[in-house]
Amino acid sequence: MEKWSLMTITVLLALTVRWAVSLGSYSGAGKPPMYGDYEAQRHWQEITYNLPIRQWYFNTSDNNLLYWGLDYPPLTAYHSFVCAYIAKLINPDWVALHTSRGYESQPHKLFMRTTVFVADLLVYIPAVILYCFSLKETSAKKKASTCALCILLYPGLILIDHGHFQYPLSLGLALWAVLFLSHDWDLLGSVAFCLALNYKQMELYHSLPFFCYLLGKCFKKGLKGKGLVLLAKLAGTVLLSFAACWLPFGTDVEQIMQVLRRLFPIDRGLFEACMFSSPTHCPDKVANIWCSLSVLVKIKNVISPRTQLKLSFAVTFLSLLPACIKLTVQPSLRGFKFALVSCALSFFLFSFQVHEKSILLVSVPVCLVINEIPFMATWFLLVSTFSLLPLLQKDELLLPYAVTTPAFLAVCLASFSILEKTSAEDLQLKAFSLSLKGYVSWFKSFPRIVRSLFLLSLALMGALSVLSAALPPPQRLPDLFPVAVAVVSCLHFLLFLLYFNVVILWDSKNRGHKKIS
């Protein structure tokens, strides 16, 4: 009973923080004509409820795709329809075709916020709780609750879901998939991940680790025996899951092609939100390599969109290849979780049409290893939240940011004593340090160096946060602070990518994790 009491308190605290954040502003509040992501979600409810399925993804007189046209997979559309059905019962004006555009009221805000709470309670939070209880390293009941508390108080996800406005369903389903795989329920894990992918196509960030881990298991079992049977079952499960999700669209090839064109608008080129027209102007600031380089070199002006796409694909593929090969050859749950981090970070840094919110696809896998590398995980999660600062400032969420971020750091300090977990062994770098023995003399002072860098990083992020909030930028450089946030965050992420790949490639023993049989 004690473990459930602690976990209940943890969940109540997490819900309280979410409720407090939800009281504030949301994306695009009172900002016509496009408003923001809140209006996008409301508009999708309007479209899915009032129009037949065959028109959901097509430009018509009733569905102007230039005004928040549906550009997520079918499960998002089905979810919007369910929410719209409930909304229609409460107040038909909320989803009335055409006339509800830009609808804003306190009752409607309460309804929309409640739909996010329900998604959190039904999908994301249960997955986090069960995952923390399943950790072998957290045999002590207190450890499970403290681990869950750190994950559930991660400010980046709270501020985006309950502040900016977004549903946590795809990330929650991906967590369920990881949980199922950790119990060797591979078919259920495949179903859960297929659902996540069919809710948001950005789950492709996690697709290769899932594929390589399961393929590696099949190889280990032998492709002439149990491995072949498992491979056939997995293939059948994936095909059936996709068929079920796409069934309403499967009767018409043109329908399928139109949905795919909406999901992957590759003709736009490399940039989605980070099209820096000049070093002094950038509408949205994404902390990836292309947006950071565009401050100095206007990539979109010197490279054609098709070449941008090829370049992005090549760099992304090469950056995630080592982790994927290692996971396929030596499949382990630990390697799988670290590969989720590494591959998602490679996608975020190097792939095309990246949104600043996509960093959450890296952060959630980092949460899964916070019990193994608490220092580095906490550091990464702080940087990822910091990278969202320009978006949060635009949505008037600086106060929640200023409260939740230090609170999260304090919880991690109290739960894991992270400043004491900076040795090579604590950072999972012992094997790497042994390989450098005799070559790098300063490795003995590594813990002190890492702590100093961490404190310097905190000071830099804190200073930029205060400057962004308190000082107007120079007239000649109106986006000075957002660009600085993006570049500083990108440099951090590049170093984290190197770190996670070193951990993966030098981990030959897969300590503490059951072997694949």
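A Cβ is built for glycine as well, from the same backbone N, Cα and C atoms used for every other residue.
Range 145-167 is the one annotated as transmembrane segment, of 145-167, 306-328 (source: TrEMBL). Packing against the transmembrane segment (453-471) from elsewhere in the chain are residues 375, 379, 382-383, 386, 389-390, 393, 398, 401-402, 409, 419, 422, 481-482, 484-485, 488, 492: each is 6 or more residues past its ends and has a CB under 8 Å from a CB in it. Sequence-remote contacts of a segment are chain residues at least 6 beyond its ends whose Cβ falls under 8 Å from one of its Cβ atoms, and for the transmembrane segment (227-249) they are 53, 73-75, 186-187, 190-191, 194-195, 198, 214-215, 217-221, 255-256, 259. When Cβ distances are compared across the two stretches, the transmembrane segment (335-352) makes contact with the transmembrane segment (483-506), since 3 or more pairs at least 6 residues apart fall below 8 angstroms.
Remote same-chain residues near the transmembrane segment (110-133) are listed as 3, 7, 11, 14-15, 18-19, 22, 38, 41-42, 83, 86-87, 90, 94, 144-145, 147-148, 151-152, 161-162, 165-169, 171-173, 175-176, 178-179, 182, 367-368 (criterion: CB distance under 8 Å, separation of at least six residues from the stretch ends).
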